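Peer 1: Here's the feature list from TrEMBL:
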- 434-683: domain 'ABC transporter' (DOMAIN)
- 14-41: region 'Disordered' (REGION)
- 56-80: transmembrane segment (TRANSMEM)
- 139-157: transmembrane segment (TRANSMEM)
- 177-200: transmembrane segment (TRANSMEM)
- 230-250: transmembrane segment (TRANSMEM)
- 262-288: transmembrane segment (TRANSMEM)
- 300-318: transmembrane segment (TRANSMEM)
- 324-343: transmembrane segment (TRANSMEM)
- 363-382: transmembrane segment (TRANSMEM)
Amino acid sequence: MGLLDNAGLCNSTAPFPKVKTREKSTSDSRSPSAPPVMNPFQRLNEIEERKGEREFFFSFFTVSFLIVVGTTAGLALLVLSESNIEDFIQSLKHQNILLEVDDFANRNGTEGLSYNGAIIVSGKQKDYRFSVVCNTKRLHCFPVLMNIISNGLLYMLNYTQHIRIERSQFFLNHVMIWIGLPEGSFFLFFIVCSISPYIAMTSTSDYKKKADIQLWISGLYPSAYWCGQAIVDINLYSLILLSTYLIFYITKIMDIDLTSRIVLATIVTSLGFAISLIFFTYVISFIFCKRRKNSSLWSFAFYMILMISFNMVFIIYFNRISIIIIMVLFPPSVLVAFLIYLLERAQEHYREFEEIKFDISGADFLVCLIPFFQALLFIFILRCMELKYGKKVIQKDPVFRISPQCQNAGPNPEKPVDEDEDVQAERKRTSTALRISDLQEKPIIIANCLHKEYAGQKKSCFSKRKKKIGARNISFCVKKGEILGLLGPNGAGKSSCIRMIAGITKPAAGEVELKGDQENGTVKFLGYCPQENVLWPMLTMKEHLEVYAAVKGLRKGEAAIVISWLVNAFKLHEQLNVPLQSLAAGTTRKLCFVLGILGNSPVLLLDEPSTGVDPTGQQQMWQIIQAAVKNTERGVVLTTHNLAEAEALCDRVAIMVSGRLRCIGSIEHLKRKFGKEYILEVKVKEPSEVPLVHTEILKLFPQAAQQERSSSFLIYKLPTEDVYPLSKAFHKLEAVKHNFNLEQYNLSHCTLEKVFLELSKEQELENVDDEVDTTIRWKLLPHSDEP
């Protein structure tokens, strides 16, 4: 069977030619004059080229007699047996094979002998041994001779049945020549078709580092983001496919007989396959963006899909319909399935016309359009996912047709209780500003009753998940040319407010309104500097600046001027062409700030921009912020926990604690408001005397408000009228110190820094108790605006 497999089993159904029969020779091959015994195969390689066709000549000096089947182009029966083989000869006659017997033993050499094949018979009767020898150019030789022997044995064993052979084709090698690919190349195409996850899953990394959010806020359309990536990824993947084809053609693995239509169809399908597979990978990366990148896992999944679909084509049924179904259902298998489709078309052509030369028809080009329809489907799916699950767009996307949507937040679950009068006044001003239709008087930024909740951590697997409040009914507005500072400790809710204003997170309640240009009042992009440095580590500082300048719509000339000014301001010339991964943390933070203020956005949102920057860099940053806002219509919201930064930059400051807005106003106003009171700090040696000391302090200062109390430490807030004159106040305190053996006391002005520190302690208590103890809140004494 090994010989038959190698011969390519192409069996002929044409009958053998009938020849006349001659009498058998009576000469005895065993006469004493016979030549000595020699190997009967020693001269099988004697070849003569006759009429352009290779023919084999056989010379066997030990053959008793030769039975010729056919003439010069016929078969030979070589008998090496000393016994009678009449029964086998009769079986041949029963198959309508006419014989002629030649006296082969008395022939001189190989003259006149030329056969397509031979059957060599040896052994005794009913124990024959058969060997077949074929001309290698006669493809039908092996199966025909094997069939003759098989039917002969059946006749000799008195069986009436016979074996019939028919012709069928297995010409995969020839079809591979037509499309220019050998069989082994399919394995390489499996590898090439499964590497797209290594190319097209960069969006997952952007999602992890939140770079996509920064691009969205900077004004990049979602369609521009995906199509921009696709231009690079599709070209790269198409280049890989082209290189794979060129490897086979340049190395000349097989002779190639290609038609222009096959070449064109292959190119069109490969291009459509690259587009379809890249967008298919984008859809996968969008769905699983919150998980690990796992390019290796998805590449292996694509490879298994290819293997399964490839085997399904041959196992189920090898026809065009099954191949097209595989192409439609399994996008990674489109290219390999198309090559198999060409094989099927070639096979149909050969069965119908019996010629190897093959070319595809115009109708076959419709199959080439399958990957293009898949690409359109994946783009539409990507658009729908961006619409439903993507981030809020700043302006309408012209390709995906996604418009900025108003976020319909629910009703506010909390009502303001025990608010400062300035906070209440700001809430009324914000509510009034929402109803103003005149764009000239409307504030740049309006945040009205913002409320945000986050899912807290479980204390145990059986406990309920508590909600963590990020912002509680926050209201404020920012006028043009104004810098509002949100001051507070970590976790106070400053970043939550910034993210809600930017549209990154949706508020549970409340609304945000941003004023844009004078024409239509819309904001094209925001200037946003997040807490994290959302940058690409492999790109240089200059490349980052150029990318964001293009995203924000700056022309090349304008961008060069602005970038040069910012680089000079921060003295970043030496780091301009250095990759981000090689830069110091402070320099990276400067770049993140520069990217935030780049452009001419009317709204700037700066979330702790100077964190990690050296004092010199902070001064440079403050100067740039003031220059960017001074005499402009920009509005800035700056979050910080640095009081010095707030005093240097902000026109107004809002102090936030535990998601609440505790006080708001200018620095001067807050200093006047809280600076008119005094802070009295008393430390008692004996804790048992604390109640007595407390009673004595209230006698001396009737309007004193206790701020904090511990085992031996007391803090009071005293109004100005109780303290003046200071000499009298200190005289009273000296008497208390002497009578109650105080360790120390301290009487000082109530500064804004002390107010901030005291308010921060509220949040620390809340983190411990989960609820703010209202009895320990900062107590404001009655006061008037008079100095």
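Here the Cβ of each residue, glycine as well, is placed from N, Cα and C on the backbone.
Remember, TrEMBL labels are computer predictions, not curated facts.
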Peer 1: What stretch, picked from 230-250, 324-343, 363-382, has the most CB pairs under 8 A with the transmembrane segment (262-288)?
Peer 2: 363-382
Peer 1: Going along the chain, which residues at least six beyond the ends of the transmembrane segment (324-343) come within the CB cut-off of under 8 Å?
Peer 2: 172, 175-176, 178-179, 181, 186, 189-190, 193-194, 196, 241, 262, 265-266, 269-270, 272-273, 276-277, 280, 302, 305-306, 309-310, 312-313, 360, 364, 367-368, 370-371, 374, 378
Peer 1: Need one number: mean pLDDT over the domain 'ABC transporter' (434-683).
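Peer 2: The answer is 87, the mean pLDDT of the model over that range.
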